[in-house]
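J.: Okay, handing you the structure first.
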Amino acid sequence: MGFFDHLQKGGAFSLQAQKPQIRKVVQTRPPPPSRSSSHTPVRSLSQTSPPGRVKRPRDSTSRSVSRDPDHRPSKRLSTPLRNRKRPTPEQRFSSDDDASDTDTSFELRKRARTEDSAEPDLARRIRSLKAFSEENVKPLPLVHAADITSKQKAGNFRRAFGGADRPTEILLQYPSASLKERFNLVVPRDNDDFKPIDDIVHVIDIVSENYIPESEADFFNNESTGIKRRLRRALAHSSETEFREAVASYNREIERLRRSGAIAKHLDATHRLNLPLVERILTQIYARTVSPRVESLRRYENGTDNVYGELLPRFISTIFKETRLKSGHVFVDLGSGVGNVVLQAALEIGCESWGCEMMANACDLAELQQTEFRARCRLWGIAPGKTNLVRGDFLQEQSIIDVLKRADVVLINNQAFTPQLNNEIINHFLDMKEGCQIVSLKSFVPAGHKIQSRNLYSPINLLKVKQLNYWSNSVSWTDVGGTYFIATKDSSRLKAFADSME
């Protein structure tokens with residue numbers, strides 16, 4: 001388990017319909033406690049992993065750049081430092097009276113979960129024309145779900161529906177003209193391992209919500225006969241026959257809608273990707289490339305710039321919204337680890353996306369994610385932005401120094417950076433263009449800083465900073481919320497101060 005594994009639900013058949021028990025309790029309520037006593041439970045899971053993601057600008061390693069356009073993928077990857085479980089939030093069924101005291105705290109802790117994804121970008125073309133071409137359809141160089149389960153030790157998975165004499169393989173069609181993905185109908189013995197049946201059901205649900213015109217939605221969503229209902233029923237009955245029939249019906253319907261042009265027309269009218277779709281694609285990529293090798297990321301050095309930690313997709317999506325990142329912009333992640341954020345920017349926003357990482361193991365995994373990213377985007381019929389991942393020291397790599405001069409948004413997860421590294425980064429702000437936004441977990445501008453004659457030439461005088469909050473489940477090293485900063489390069493204040501001295 002690793003970075004995106006918290007997005008998977010627990011249990012072998014975790015997606016089957018549950019029958020919640022709802023109890024109404026009538027009681028005389030004591031006088032409500034004062035608001036100060038109302039509790040907002042904040043859970044902090046194991047603190048074994050250090051804060052922040054690893055980035056270290058020294059000992060620069062091999063300098064290879066991997067670009068999206070038909071080049072070998074060599075992108076930077078960042079994976080979570082520790083293998084921790086993120087339990088699915090428990091849904092409570094209670095009376096209205098009981099809920100009244102907890103609504104405020106619940107909304108505060110879960111606000112990020114209910115927010116929508118980035119604003120529509122009318123300049124972005126979501127659909128990949130190549131992915132919908134019926135000519136010369138060839139197998140994609142992707143890792144099939146069946147490859148994950150078949151390569152594991154035989155004892156790690158068991159048949160989901162029994163029947164030792166029957167084959168377990170099943171094919172799933174995606175919205176594009178690409179060939180189907182192979183899955184095995186098995187469940188993991190360890191609840192943290194890959195769950196192919198969950199993935200199938202999630203894919204069908206995401207496709208029905210994001211690719212299907214409203215006029216065709218009943219086939220998927222009808223509460224009695226819809227595909228999603230049939231899948232839940234098959235799992236509840238533990239019926240392989242019903243499950244295969246439902247998937248086969250889904251495959252036929254998707255192929256019909258694609259050939260009729262309905263899916264393409266729907267995508268062409270879409271100008272943003274919803275976050276659940278983004279999360280599903282990123283989760284698939286991570287599960288097929290990084291998760292099987294996540295142990296290689298366990299090596300880190302406390303007290304150095306090589307401590308590893310991740311910003312999770314919903315938090316990153318919030319950053320994209322706050323900075324108003326658009327498809328025509330340039331995004332740079334300094335210390336990109338296994339490349340998760342670089343890929344998310346290219347996928348969710350469609351912008352040119354860059355990352356730089358120097359930890360060799362993370363870079364190796366980034367290259368695997370890069371390759372899978374291209375194939376998965378094609379499978380889902382999406383045209384992402386160009387991605388460029390660079391190995392080496394982001395303070396010294398010329399390609400990064402050059403791209404920073406035209407960057408619109410720069411992300412620096414400096415939670416665990418040493419003061420020396422933070423100071424060295426500041427010097428690069430001089431070359432950034434006006435209006436460039438620098439997002440960080442620690443502010444580069446000290447609280448209460450004022451422009452004075454004695455610090456007139458400090459680069460931080462060019463920055464206008466605002467502080468924002470991130471909520472629970474936003475970072476990999478803690479469940480507790482915190483603060484982050486967006487610094488905008490704005491020379492007007494410094495110019496005004498200099499003019500006042502004349």
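Any Cβ shown, glycine's included, is placed from N, Cα and C.
The S-adenosyl-L-methionine binding site annotation in Swiss-Prot covers 308-311, 331-340, Glu357, 393-394, and the record cites sequence analysis as its basis. The compositional bias 'Low complexity' annotation in Swiss-Prot covers 35-46. The compositional bias 'Basic and acidic residues' annotation in Swiss-Prot covers 57-72, 106-121. Positions annotated as domain 'DOT1' by Swiss-Prot: 181-502. What Swiss-Prot records for 1-121 is region 'Disordered'.
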J.: Including all protein chains shown, what's the count of other C-beta atoms within 10 A of the C-beta of Asp333 (S-adenosyl-L-methionine binding site)?
T.: 32
J.: Give, as a single whole number between 0 and 100, the mean pLDDT over the domain 'DOT1' (181-502).
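T.: Taking every residue of the domain 'DOT1' (181-502) together, the mean pLDDT is 93.
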J.: DSSP secondary structure for Asp333 (S-adenosyl-L-methionine binding site), reduced to helix/strand/coil, please.
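T.: Looking at the DSSP assignment, Asp333 (S-adenosyl-L-methionine binding site) belongs to a strand.
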J.: What residue among the binding-site residues Leu311, Gly339 has the most other CB atoms lying within 10 A of its CB?
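T.: For the binding-site residues Leu311, Gly339, the Cβ with the most other Cβ atoms within 10 Å is Gly339.
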J.: Which secondary structure state does DSSP assign to Gly339 (S-adenosyl-L-methionine binding site), in the simple three-class scheme?
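T.: Going by the DSSP assignment, Gly339 (S-adenosyl-L-methionine binding site) belongs to neither helix nor strand, so it counts as coil.
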J.: Taking the Cβ of Ser336 (S-adenosyl-L-methionine binding site) as the centre, how many other Cβ atoms fall within a 10 Å radius?
T.: 30
